[in-house]
């Protein structure tokens, strides 16, 4: 499966299809493209704010920042492009009705799409400009023009940003050079359970309106449109680079902007409230804030009272005062806890010593000791190190209030058992006979193992000959029998020794010529030689044993159905070609 | 910190060792080593796997609470669900008691196993006797000293005959 999105219109067409189908196919593509363009452009046009529909403060701000004319032009261009695209699509769809082959229709579609693309390519600069506007617009601070606002203005580098940093949670750049603040910044603060906006402006220099640049114009716009309490900040130490005189001049120049606004100046002026402040030592900052906010609130209330909407609300408000029924004094009741809490809020001192205070006090020596809060029976055991594990056992498993009692019982039991002799070791001393037997048994086992090992070590070349074929050395025989305990000294005239001597006197072993029949054998010799199955056998008992041994060795072979020792044929009793596979015709008859 | 028991072999699982498996029915299984874990995954029954303690207890090879009905020494170590507040005296006593109980437990367990193995000694003895009876011929011929004996007997008999021959009565 390919990774990119599938086409939204069908892609497969052949020239042998019916012509209406081909036409419809390509018309669809043209209309689809036109639709997409139309939608996108409409979205852009509607999403950008119309300068006539928004608050004049924002309209002015946008004018200052982006130039109203350019903005409107760009949007107009886009609108035109949209209409053009629509027209193109309409035309080509109409033309397609007269296309009589696949090739013609395809070329028409190609032309339509091409024209639409070219139209849009021409709008490149407008689109780029609008994109920049969009990005900047999204980063503008959200200033509510209708709510309680404090506006800071003054020369550059006098301390407006420091003030706003002190009073709100805003974090505006404060640097020693002028024009550090290049745009409007908003901070919020609380006073009297109400939210207040504090707006920081870039500094204004003293020259006529036409000469002002974008940055100053922003400040002017704010001054002009926001209904706020204006705090004119002045630098008494003249570190901003302008003398007090210049600052005062600027103030008077800006005054016309202050129509129907409340004015407070930090430091000197006529008829206007002045408060000394220092952001470094924090003196007066709270005072300024309080004063400004109070006055603004009063002003706002007044304006509202003068307006028309108040009456709707006032008509519905009614303060009911209960009539006095007797002379008894009934003051309002404030519970003690509430009063204390209010006092604590005002005084702002912690009631009990917190861990944090302790930590700060002790500094490096502080150790978090949670064990001191434990609730135990004995107070002095709180800081004990409690053992948990002993030799692979958990101590917690043994904890039991009655453990001592149980232990006692157990020990008593143990004592009884010991007395009863359970724990006596019982190796009975064995008598001598048993020890001898053990020794002998051990010897027997060793001998057995030896025999087994010997038989394993034997090389077995050739057929298994009966024992009598191997010649037994006299010395070997005497040694073995001697080991078994028999007395083998002076056995010269024993049977086996005599046989050995006799066989030596006879000629060396006759070579057996198995292939050539013994033609030279005389009848007497053949008669004198005993038959093979009686050779070497002394008595019938031995003969019987020999016969038994013969039968024994044949048992295995007979059971396996072998002809002899050398028969190693492996029978194929279940041939695969007969037994595997499906039961096809005829092949199961011969199983 | 606790020393847990392995589900399969009942061995100790020290902190920082082993694996814990939590099943969908919220039952947890701890294993001391991957051998036990793998056996568990093969669905083997610890009561039938010969090297585990569970097997040994189930087949009576080791002292259990049931085998000797009055064996209290195994009742001391039990997981308790109600926590007891720390009390130094109680803890001290418990530690001492624990050591003594452990001693007694070891003695009893050893005694139990010894008793079980006594039968083996008996069998060993019998086997030795059998062995000797059957296979003595491998190390000592049956007539080992008998030749000499026979000779002596023969000599004695001859002597007697001679004496008989010499005896008066003829």
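Each Cβ is built from the backbone N, Cα and C atoms, and glycine gets one as well.
Any TrEMBL annotation is an automated prediction that lacks curation.
Per TrEMBL, compositional bias 'Basic and acidic residues' is recorded for A:452-462, A:470-481, A:530-542, A:562-575. Annotation comment: TrEMBL describes A:501-512, A:576-585 as compositional bias 'Basic residues'. For A:516-528, the entry in TrEMBL reads compositional bias 'Polar residues'. Per TrEMBL, domain 'OBG-type G' is recorded for A:148-263. Among the features that TrEMBL reports, region 'Disordered' is placed at A:452-591.
Beyond the compositional bias 'Basic and acidic residues' (A:452-462), no same-chain residue lying 6 or more positions past its ends has a Cβ under 8 Å from any Cβ of the stretch. Confidence annotation: the domain 'OBG-type G' (A:148-263) carries a mean pLDDT of 84 in the model. The DSSP breakdown of the compositional bias 'Basic residues' (A:576-585), given as helix, strand and coil counts, is 4 helix, 0 strand, 6 coil. Residue counts for the compositional bias 'Basic and acidic residues' (A:530-542) by DSSP state, with H, G and I taken as helix and E and B as strand, are 6 helix, 0 strand, 7 coil. When DSSP labels each residue, the domain 'OBG-type G' (A:148-263) comes out as 38 helix, 26 strand, 52 coil, counted as helix, strand and coil in that order.
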